[in-house]
Structure formats: structure tokens, C-alpha cells
């Protein structure tokens, strides 16, 4: 089934169906107005490499349709310059530049250059397949001699082989004969200075969501790599010192003749391999290009350079030996397994399910593998946010992976463990004698935010990562990871709260945390941010419980760990006391939780009176103008309710949601999914559906007008959370059970999905009348449907009535104006 009348795709050249996204061009080629969005949407990746959805035949570095390549974890160190600087300010930023581009394959016919923008173009189309991961492009030209030439490009980023890309071009001729030449390149890094995809500044304001432009590529060529027909280059980044090997090899069909040797190129030249063929009517040829990007660890050893090049060549040879067909089969098998554990289908509005599949597929392509990298805010789909990792990687990206791809969730947490030393250093810079403070934005683990009020002040990131650790262990039962790695991360981040919090005699000795910033970046440097305090309470409770559990379960490991970080029994006792006495701001007059101690005292921002062209507010108003008003960029208190709802009274949660809907403008893509999640948890299914649509279509519909900078990975993960933790109402109960409180919007006639939990696979179908549960594999388990406990095993399906939705607040929702 294809969706052609989806209102979120209205006016776009895209067609979304069950398992693919496609784009149809014509004689004018690709749609230039939607080109930046297309480049992001049609990206392929495998956690290490991401290739934007440009054509292999783009003209040169000035062509906006080029397929820029980004490598996860590869960054240049860019100094931060301050006119006024204080102690502890970030010294530099990690900025990810585009990598040397090995994707170009250029086609000439009878001496004419054929490309997606040429006047000879007759038609063009492309399709991204979610079952194979292949981006397939079709281009057709008519030459001056009357030959009809069709090129079919297939691009694959191998999920099981993170360094490997493969491209295959098949060219056929009809009508008049044609003399063809094909030129395959690895572009020299010096030609890689990117044309930044930043639109015109808003009234002179710099868009902080984009990083600095490089005047020239920071990649320096160190040596050529040549072995047989394989060739490439070894690069080093100027300041970070990281190395990147880029090598390519080819497999030509019969009828193609190589016409260039493999000489070592100068530093200002491309590595090139060329072929020629003469084709008559009905004949065709094909060329397959195998590419390997081998990235060094964050702190490379110069002595290992030759080993680095050797690895690249070996991985390339293994991919070529398998062939394009073999790589495609391997990929299809891997994705079949992923969808068996992750697929979600929606009856009554199948297009919503199709959009969700797109988001899940892109999230899978983006997340790092192996523990040296994590999930960038834009994945490897664009330049937005400089390739940095933020707190939303764990809060929004990890939950789906913990269910469908537990190893990748583990790798995300392992990255935080491996960068603990940098977090310790950051804590010392911020004045903390013990513990670890995770950087708000980073690649290397060092803090990269130059604006501390909305950056380093977001101490909640420590508890966000601790929350994700608990989520992973609860979903997988992986206690070994907790003992070997996670406990150290949990304890060292918890020690920060011992330092910055205190028992305030003016608030009945409640534990208070002052001068922090919560997720809402339109409110900064406040006392007792509700989200921060609530998440810190959860963090401290969990740290206390794991310390006691580990003392009994693995006493030797606990003793060694406690000694190495200076953890005392007094520290552990303080965790419990602080959690029990945590201050959570509450207004008795309004019956709501206050976002912080001062938020409700501020003048409300006139959202209705703000011109539409002044959103997002951060690009048009000074931060102080925002800070002194009652205005939220995104979910903050509502986020705490959505994540920790089992700790709060539903009536309070409902009043909180009503209030904060009226003061939130959703200028962040992290917001709509959370408002939707809480709305559905409270039984407000229709309002939840509206929020879900703004989350799941944020990139397909370019709802925030910046998809061209890269896809919004947190919103992709958040749209999954809307379904599983929202409409299905899933929560983890105890150590070995799940609970569900499902409700559906009126338009949906059924919601079906699979869920992984502690080596089990559960199939769930929710209809307006009944919810059905089946255990597809694994040991019997308890599940709760509302308050009803049921035993689930593989012998039978169990069912229970689906709850009805509640009457919804009919008041105007001012907060969706710019969502």
C-alpha cells in the first residue's frame, strides 16, 4: 500500500509505503526546493559511516546534491575563543567534518557528461528500502546521438560490517549505440571543504544548532594505500590527531575495460579508476565499488598506522570476496531479524506505522557500534550539532534499542563508561573534588559547550545516563554489565549530587539542588529544577540499591570499586537520605508541580501574540528575554512525569500536563513525543495522536524546517516511546515483569508490535475492545494488564479488555503553535 495523500507529505515529491520511501523526478531532475531534506531522508548508514542521499554522479564539491560522508566519532578539535573567559569554560569543541568522499561514480556517453542535473535527463527516481537498507536510484538520459541510457545505482552501508560501503551501477543502452566511460573516485581531502547547509541567518543571528564551517578540510593526507587493484589514502586530522583510512576496489562486468593504472596520486588529486565500454541497443554493463572507511580510536597510536591501513585492506578484501549479492543477502537477513523484534503496525492509519518504520530504520543506521561511539543528535545524516552526543541519546534513543537490539544499547552505555576519565576531568574543572560529570555535548568525552547556562549547567545528564543504565539492565537482565562496567558509572555520577545538593533548613531540611538548568533551555540557572531533582532522586535511590545489592552479590568487586573511587558507607547512606528528602517544587494554589522555585513567579510569555515568523524563539530573542518569562522550549516537568509516572499521582500529572501545554512552544523536537506519551498514559488518546504525528513526521514533513541539516534521532526514538510507553502504556514492574495500560485513538483499529524483554519476545495486539498477549519465545513471565496480573507462556494467548479513553481537556493548546 502506498500513501500518496498523507497530509504531512503534502506538496513534497515523496511517496511512503509499507517498507520504503521513494522520490520521483522528471526531466527537471531532482526537486531543488526539497533537495536538502532529500539528502537527509535518503541517507544510508551503519553506525560508523553515514552517506547523505546525494547521487554518485554529482558534479563536484560545489554541487549541493553530493553524497557527503560522515564518520561517527571522527572529529577535529576546534578552539573556542572567548572575549571574556572564566575558570572552567570549555577550551575547545569536537567538530565532525565531512570525510573524504569515496562514493563518486561519474558516467560519460560519447564524450557527454551525464548527471542528475544535465539537460539530457529524461527521468529520475530513487527508493530507500527498509528491508534491505539499499538506496536505489534510476536515471535516464537521451544523448545527442539518440541513445537512451539508463543507470541504476544501488548503495548499501553494511550493518554487520561498520566500515564497509558498496555501490553498484548497472548501465543499459537502447536505440543508438554509445561509447561509455565510467570514472570512480576517492576525492582528495583538499577538495572536501563543505558547502555548509546553513540557510540565511535569521536577522543576523547564528543558528547554534549548526557548527562552525571549515574553510578547508582538516584532513591531511599522510600516505597512499595501494595493494593490487585496491587503492586509497591514509588521512590524519590536524588537531585531534585521529587517523582515517579510505580505500576502494572494484568488480567490473564483462565488456568493461580498465583504462587507468593505479599510480600514487599527489596530495591535490583524486584517487581514480576508470573504465570504458561500447554498447549497442539492448546491451548493459555493471560496475561494483567496494569502499572501506577504517577510523582510528579517539587516541590513536602513531606506531599502529600501518596496522590501520592493513585492517582497511583486509576488511575491503573480505567484502569484495562476498560480492554485492552476498552483502545484500547478509544485510537482508540482519534487517529481517531486527524487524522481527521491532516492527510496529497500525491498522486504520497504516501510514503512521510506515512513518514509524522509517524512523526506527534511521535510528538503527545511526547508533554507534562497539562502545567507542554513541548516537549523534543527527546521526551521520548531516552537519547539525557537529556530530555531538547529548543526553537525549540515552533518554530517547536507547529505549527502542534495549528492546530490539540490546547489544547496541549496551554499546551506548559502554561509551559513557569508556569516557569516564574525561567526565572526571570535567567534574574537577567544575569544582567537584570527587565524582564524574558527564559533558552536555561531546564526542571525545570533553565538554564542548561554549554556553554554560544552557550547557554545562544541565547536570541532569548524569541522572539521564543512570536512568538509561537501569532501563537497559531491567530490559535485558544483564547483571554482568552492571557489575563490570555500569556500577562504576552509576556511583561516580551519583557522587556529584553529594557535592552540589544540600539539606536546606529553609525548606524543612529537604534536599535541594541549586543553580542548574533542566531540559527546558528557555529557563536557565534555577534552583530546584523539578526534572533534575526528580531524576536525581531516582538516580540516588538506584545507586543505593545497587550498592547494597553488589555488596551481597559481588563483595570483592564492590570493595575494589569503592576503594578505587573513594566511596564510603557515609556516601551510600547520604544517597538514601537525599532521595527520601528530595525537594520537588509544588504549588498548592495551582495544584501543580512547579518547574523550579521561580518559574511560576515569572510573567507568562504572550505565545498567541508572537508572530509565526519569530519561531523558534531562540533565533529571534536574547536568552535573558526568554529566561525572565514563563515560557518552555520543550517538555521539562512533563518529561519527568512521562518517565517517572509511577511515582506521581495521576490527578497531579493531569493538572501538570494541562498547565504546561499552555506555556510550551515545542521549539525542540524532543518535546512533542513526550507530551504525546504522557497524554496517552493519562488516557487522552486523541490529543496524544496529534503529538505523535508531530514527532513521527518531524523529518518526513520537515515540520521544524531544518531536516536538511540532518534527521532528528531523538524524535525518531521518541516516536517509538509514544507507541510503546504511551499508547501501549508499557512500564517495567519490579525486576522481571512488564505492565501495560493500553488505549487507542479512535482512528486506529489495531496496534500490533513485538517487544524484547530479558531474552523473551512478546507479541502484543491492541484493539479498541481487547488486548492480546503472546509469548513467541523465552521463559514464562508475569505481565500486568492494568492491575490484573497474568502468567504468560508459549502455550496460549491471553487477552484482557482495553481501557477506554477519557474525556479530554477542550481548552486551547497554545503550546502547539510552532510544533
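Placed from the backbone N, Cα and C atoms, the Cβ positions cover glycine too.
As annotated by TrEMBL, active site, proton donor applies to 521. Counted within 10 Å of its Cβ, the other Cβ atoms near residue 521 (active site, proton donor) come to 24, all protein chains included.
Marked as substrate binding site by TrEMBL: 391, 392, 633, 634. Less than 8 angstroms from the CB of residue 633 (substrate binding site) sit 520, 521, 522, 616, 617, 618, 626, 664, 665, 666, 667, 668, 671, each of them six or more residues away in the same chain.
According to TrEMBL, the feature compositional bias 'Basic and acidic residues' maps to 197-209.
If you look up TrEMBL, you'll see 27-294 marked as domain 'Glycoside hydrolase family 65 N-terminal'.
Summarising model confidence by region, the domain 'Glycoside hydrolase family 65 central catalytic' (357-721) averages a pLDDT of 98. If you look up TrEMBL, you'll see 357-721 marked as domain 'Glycoside hydrolase family 65 central catalytic'.
Annotated domain 'Glycoside hydrolase family 65 C-terminal' per TrEMBL: 730-788, in sequence order.
Under the heading region 'Disordered', TrEMBL lists 191-213.
Neighbouring residues of the recorded substrate site, listed in sequence order and excluding 391, 392, 633, 634, comprise 390, 519, 520, 521, 635, 668, 670, 671, 714 (Cβ within 8 Å of the Cβ centroid). Of all the Cβ atoms in the protein chains shown, 23 others lie within 10 Å of the Cβ of residue 392 (substrate binding site). Across the residues annotated as binding substrate (391, 392, 633, 634), the two Cα atoms farthest apart lie 16 Å from each other. Reduced to three states, the DSSP call for residue 392 (substrate binding site) is helix.
Around residue 391 (substrate binding site), taking its Cβ as the centre, 23 other Cβ atoms fall within 10 Å, counting all chains. Cβ neighbour count for residue 634 (substrate binding site): 23 (other Cβ atoms within 10 Å of its Cβ, all protein chains included).
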